[in-house]
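Visitor: Pulled these features from TrEMBL for this protein:
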- E81: active site, proton acceptor (ACT_SITE)
- 88-322: domain 'Radical SAM core' (DOMAIN)
- C102, C106, C109: [4Fe-4S] cluster binding site (BINDING)
- G156, E157, S188, S211, L212, H213, N287: S-adenosyl-L-methionine binding site (BINDING)
- C328: active site, S-methylcysteine intermediate (ACT_SITE)
Amino acid sequence: MDITKLEKILENKPKYRLKQANEAVFKNFISDWNEATFFTKDLRDKLNKECPLDIKADILVAKDKNSIKAKIKLFDGLEIESVLMRHADGRNTVCVSSQVGCPMNCAFCATGKMGFVRNLTASEILEQVIFFDRYIKNLKFKIKNYVTNVTFMGMGEPFLNYDNVMQSIKILNNKDFFNIGARSISVSTCGIVEGIKKFSEEGLQLNLAISLHAPSDKLRTELMPVNKTYSLKNILKSVDEYIKKTKRKVMFEYVLIKNVNDSDECAVQLAKLMRKKLYFVNLILYNKTGSFEPSETKRVGAFKKLLEKENINFVQRYRFGDDIKAACGQFATESKKA
Ligand code: SF4
């Protein structure tokens, strides 16, 4: 599916035709132009030929049915993964990928092991959200909302595909398309400082998250090689500039890995870094990937107690999709370079 072709195909038609087509794709989530009966048969055939709407994907549904993972096949045969998380309060969040693979090679991350294959186009990013909107539309039991939130926390480093990510965000946010509020869209970076600066200049109320995962340069460099280029000091400086400009809170993600970053000493170091008012920590329970293990429940409790004692703002993310490998650091496919 390449929705950017739509404008070109309909350029000689009256303007309202493009509006109708966009509504059909982005609000009514049709998956075949033959459903757009307001168009002539000839035009529907042309659209089906030149801008087909089908999305090829395999899905895996978690036992609790609250997380659904899609392995989406792209036009060139490569695959990406995205996850729909259904929250108890009615929100439906889609975690999208921004690249096929990832060049950042974080030690605990399955995507990093794939290496970098290519950037996704804006259309390929949006396709992931459309896929889940259609999935919700076709559920036998009706649920209240379509996709309400989008997070860029799937495969890839979004700020290394900045322009396509921003183009997709503007369409997600546009009321004539998905109409998803800026405050419901989050971008997570491993700390690309130039990207944080550009993001602060967008003038949108988007959410920024930093994948931190270690409280010292030494440990962070072991886990995330990107830390050699962007040290903690540089990242936090750019986050502070971002906060000054946007007045937005910034989330720091910290995935708890057994005997790696979950000691008392790590908690104390983390607390020292996170004392600022508009910082908050998102503690993530790691799902086993490769040689790393999740922290034990008792250890997680002790870690949290230390953060509490230091008055650090933190939340602990509910563990989604353990049984379908849908959690942070578990996105990977068998895709190979085409
Ligand atoms: S954690 Fe994020 S930045 Fe690191 S390798 Fe995985 S996808 Fe890339």
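Keep in mind that glycine also has a Cβ here, set from the backbone N, Cα and C atoms.
No curator has checked TrEMBL annotations; they are predicted automatically.
Predicted, not measured: the structure shown is a model, and the values here were computed from it.
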Visitor: Out of C102, C106, G156, S188, L212, which of these binding-site residues is nearest the residue listed as 'active site, proton acceptor' by C-alpha distance?
Guide: G156
Visitor: With the cut-off set at 10 Å between Cβ atoms, which of these binding-site residues ends up with the most neighbours? Options: S188, S211, N287.
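Guide: Its Cβ has the most other Cβ atoms within 10 Å: S211.
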Visitor: On the 0 to 100 scale, where does the mean pLDDT of the domain 'Radical SAM core' (88-322) fall?
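Guide: Summing pLDDT over the domain 'Radical SAM core' (88-322) and dividing by its length gives 94.
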Visitor: Out of the recorded positions I have (E81, C102, C106, E157, L212, N287), which ones have their Cβ sitting under 6 Å from ligand 1?
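Guide: Only C102, C106, E157 qualify.
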Visitor: Cα of S188 (S-adenosyl-L-methionine binding site) to Cα of C102 ([4Fe-4S] cluster binding site): how many Å, rounded?
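Guide: That comes out at 13 Å between the alpha carbons.
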Visitor: Going by Cα-Cα distance, pick out whichever of the binding-site residues C102, C106, C109 is nearest to L212 (S-adenosyl-L-methionine binding site).
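Guide: For L212 (S-adenosyl-L-methionine binding site), the closest Cα among C102, C106, C109 is found at C106.
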Visitor: Compute the C-alpha separation of H213 (S-adenosyl-L-methionine binding site) from C102 ([4Fe-4S] cluster binding site), stating it in Å without decimals.
Guide: 17
Visitor: What is the biggest Cα to Cα gap, in Å, among G156, E157, S188, S211, L212, H213, N287, the residues listed as binding S-adenosyl-L-methionine?
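Guide: If we measure all Cα pairs in G156, E157, S188, S211, L212, H213, N287, the largest is 20 Å.
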Visitor: Looking only at C102, C106, L212, the binding-site residues on record, which one has the least crowded Cβ, with the fewest other Cβ atoms within 10 Å?
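Guide: Comparing Cβ neighbour counts within 10 Å for the binding-site residues C102, C106, L212 gives C106.
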Visitor: What are the sequence-distant neighbours of E157 (S-adenosyl-L-methionine binding site), meaning same chain, six or more residues apart, C-beta distance under 8 angstroms?
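Guide: In sequence order, S98, Q99, C102, P103, M104, T189, C190, I192 meet the Cβ cut-off.
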Visitor: Taking the Cα atoms as reference points, how far is C109 ([4Fe-4S] cluster binding site) from G156 (S-adenosyl-L-methionine binding site) in Å?
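Guide: Distance between the two Cα atoms comes out at 11 Å.
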Visitor: Provide, as an integer number of angstrom, the distance between the C-alpha atoms of N287 (S-adenosyl-L-methionine binding site) and C106 ([4Fe-4S] cluster binding site).
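Guide: The separation of the Cα atoms works out to 15 Å.
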Visitor: In the three-state scheme derived from DSSP, which category covers S188 (S-adenosyl-L-methionine binding site)?
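Guide: Once the DSSP labels are grouped into three classes, S188 (S-adenosyl-L-methionine binding site) ends up as strand.
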